[in-house]
Amino acid sequence: MSRLFNYNNLYRALLIVPTGLLVGASVVQYRSAEEKIDQLKKINHLIAIEEQHQQHHLTVIEDAKTRQNDIEKIAKLLGYMREVLPNNMDIEQAQLPNQQFGTSLPVTEKHWILMKNGLPSSSNLWFYDQFIVSHDLERKIPSWVIQRIDGFSTYNPSDADKLSDRKSSYFTGNHPFVDGLMRADNKDYLGSGWSRGHLVPASDMARYPQQSMNQTFLLNSNIVPQNMQNNGNFWYRLECYCKSTLPKQFDGVTVVSGPLFKPNLIEQIEIDPNAKPSRFPKKTQRKYIKHEVIGENNVAVPTHLFKVIMVERKDMPEVMVGAFVIPNEPIGPDAVLTDYEVPVETLERETGLKFFTRLQQKTLNLCEYTDCKMMTERDLDIWNIPRRIGWSKNKRELDRVIEDAKSKNIDIETTNIIKAYNDKIKELDQQQQQQQTISSPTSTPSTQS
């Protein structure tokens, strides 16, 4: 309650005093009343100032308490971050952008775009230039990776400058922010019969700097043991569907890829006919997940691989989503993508992941509104000729590629094949000239004694 004296009430009281009394009062008494009112006004003013000072003091105290609480919360958060960040990395180091081996915190606009609709999980996250990964440190492979492919409405892939070259990238397990005890190694794959399969395709990074390409070759972050025939055929055609077919129709394609371990061994249980009846149904079989591990580091070989694809277009209020589970084994030429389509909820149950949980738009089934049609094996053979030409290490291998194309009745006079062939001939000629320069003896001028 305020301590201010209400001099207005006093003034009103004086006004209603009988007139005769006022007339009979002395001038001194009247002035004395006015002075008292003035004094009360001054006192009230001083009291108001004091109360303002006290309120300010209380506000300062409350602000100090709030700041102290904030400091304590930040200290706890920093303690949590020290536990989350690997190898005792500090916050400043974690926020450094454009690191060769990525960062543990989102630092680029691409990261926020990929996170906008929700990540599949929040454990062991690592942020690379063009994709985000969750490491499975026990299995020495990624749990999942997420990337975004821009629609061709934003750029023309045939005109886009190639800023990186696959030939300059190398598979490696030497990741400074993955504990040495939990790293995969190239030796694990050597002689195993399994290929080093990319989850984010290396070729998707061609229009980005070389560092982005190199990051797709990190074993723990983007590589899984994959069946060789599957890797070079069905899975590759699925990758082409994501990066070449869908961007023609949509403004953005977001892809989540990862390994899957499904029950693949069922053991029947013999039922004793003489057993006493039970109120609960008896189990008739046992299910197991059997999978290989390779190398000294026991890198896990998944039984299946998955892709979840989300596409969006500016003129369409809905988004389309499709989920696919691909066996990690050879797949025949007659198989089509829809043979391996599964409900998103089924994949979530099998992986323990959640896909695009923050989506605000209505979702439609991708294969119901598009044909989900990949290139055929014949298309793949034609597509691969320029790639195989580029991989040729000498003239003999180059001639073998051309002869193979002719045997399959592939037209080698197309623009892409002619350009790839001429570029390779030029490259091989330059290599030969360099070798001749190195091997030729250098003449030294004679000196007279």
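Here the Cβ of each residue, glycine as well, is placed from N, Cα and C on the backbone.
Automatic, uncurated: that is what TrEMBL annotation is.
Source: prediction; values computed, not measured.
Feature annotations, courtesy of TrEMBL:
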type	residues	note
DOMAIN	127-362	domain 'DNA/RNA non-specific endonuclease/pyrophosphatase/phosphodiesterase'
BINDING	ASN231	Mg(2+) binding site
REGION	429-449	region 'Disordered'
COMPBIAS	430-449	compositional bias 'Low complexity'
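Cβ neighbours of the residue listed as 'Mg(2+) binding site' (same chain, under 8 Å, six or more residues apart in sequence): SER195, GLY197. Across the domain 'DNA/RNA non-specific endonuclease/pyrophosphatase/phosphodiesterase' (127-362), mean pLDDT in this model comes to 94. Under the three-state DSSP scheme, ASN231 (Mg(2+) binding site) falls in the helix class.
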